[in-house]
């Protein structure tokens, strides 16, 4: 009955007509009767309940329903408040504990005597740390700390505290109590980094004066003790670790008593011990100046032909212009010189030459920078490398995939295709102001657009092509674009892609397609005038019309170059590109009878149909990770996921040799004498190769995860391999560095190995891992050395570990631990170079021990810089990009 009444009342309340009528009016009663059941069920219920006047009951029901709604809303609000109170309960407890700890510290400072009871009500005399009324193990501030045995702590209720500098609401454990060593947990306070909290109880907080050597009494800005954790809280710490923001050197604190510095990465504390020669004068507040040396881009190895086209031209200066990563390269093959335009901040995807052959337009994808990283077009002078205009910042969605200057009017306009969801085409009056003026923009195609070209003879005509289409555009006097789609009526099998465009000297449009056909389109029309079937096996990727009228077609799959006369009749001249160099991506006219060819395997070749072609630029085609500099020659090695290992000569800027190892490579190193190369692969295998003959002596396997880093000891007698399976494998080397016998496996890291260094005496190894640990090892026994403070004065052969005391300054504020991919110290120990996730190469003074170290920053890479290395004489720095597949050589000046 109550349900029926409530439903009837809700129907009445929701009816605007009833609400607006007088209560006693006949119209209101009629409307109410209409809402009720035909059998007047609700009225019957009301009368049977003796509720009196019907209108009064309606008003009462309406009032009761409103009260019920308010009560329900109130209950929901109360429930939400209860949830919030419960959520903040832990934080309140933590804050109270922290306040109590602060009060205890203040009391310790005011009194030189031991306090009878600590602020938590536990008498000091009951602590097992005391022996004969004194603190055990504290005769000297530099002595090794001794905590009470773990079995004395089991029945003690832990105290939960939160540090004031922790960037997360979750409590952070102190990095001095435990150290991740797999099954081994060290209770030494010398642990250099923090790993997940073990399940064993933590030591008691010390109860001693400020001058004691206990870590909780050090001059940190606040404490970071953690309560006894269960497995569930252990997982919550990991969640906090990954969700924390900030860190790096921003919140670093220095402890003068132990000469150690604590820094944070993603909220995780890391303790680093200062070498003795730096400890006495170290001042954390100083700002380190950048080094006197600077870098200058000397040479860029590689070319982007794998997925870009129409990006290779000869300039009047005798240079060929192309791009790779974020660098536009002007390369004079005869003089063996390069110049570089470095205005872009991310991947360049397209290039167009102005009719005056002086100006060049390049378009980039979205990058990291807030403003300059947006997709935009840069027009620049090829002689002075001066930027003339920057167009379209904030106007493009994803990246500029096609560019073309107008030709019939001398280059007044520039058309661009945005590689967004709709592939918009826009036309710009680029000379109008330094930002240009957009004349028009419209949707180009729902499918991929691969080329867009202004007609060389017909002003205001543009041709675009791509997936399943070729379109002919006209710009009217009002600036509106009109489109006519190409009609493939003469072709039975319509091509899936129209892959390239060109124009004959008579103004007809030539197109190549994915079926290997060449089609001639009537000038000023969207109909076919001539059709040549199966010119190539696979796609026709490029068509080049030479100045003398002949036509060159290039196959992307068969690697053939074919010549036709102006009537598209074969001349009989052709050439075949070597298969290992890839298919042909683009062809342009060079000097005299020369042709310039760009391939799908990122190579550039120069030659002619008569004499053949030779490569002038070689590159990698997949992600690069392995880099190693020769110990005595001006050579370096690169390898990556394309399975190619290449040895480069930095002086001649050429490839010494190249070898396909049939394995994706992750790391590489030279033996100390330079005769042997070790290449670590992604499936746990590693190869031993001769550096001169490229002969593979042997193949070994350790685990099934990538070998992240490989390094010989300075004396050449040991080899260390850091794997993604968290282990470091150590091998004894014999037989002219050709025989390898495993010594052991270093077990202790709780994440994958990222970097490692050898000590100069070949006795010790230090290593970093993916969870920001710095651990030390005895190389001969493969045992961890938990007291990292004992190794503070060890001299290290290299400094490729990113987490050390001498690399504090390379971590920016807000670093999350993965920003800096690699670092390397120069052999003269004057500077250190780093590569980061933002495509930047940075140069710091060494040692970089100040949290606010200044540096020189250099752009050029468009992907994460995976590795950096100094050549043997410190004359140059080599950097490799990950997915941009580029290798860059920087001169130190």
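Just so you know, glycine gets a Cβ as well, placed from its N, Cα and C.
All annotation found in TrEMBL is predicted automatically rather than curated by experts.
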Of the residue ranges 64-91, 92-119, 120-147, the one that TrEMBL records as coiled coil: 64-91
Counts by DSSP class (helix H/G/I, strand E/B, coil) across the repeat 'WD' (858-893): 0 helix, 19 strand, 17 coil
Helix, strand and coil residues within the repeat 'WD' (700-741) as assigned by DSSP: 0 helix, 24 strand, 18 coil
Counts of helix, strand and coil residues, the repeat 'WD' (617-658), according to DSSP: 0 helix, 24 strand, 18 coil
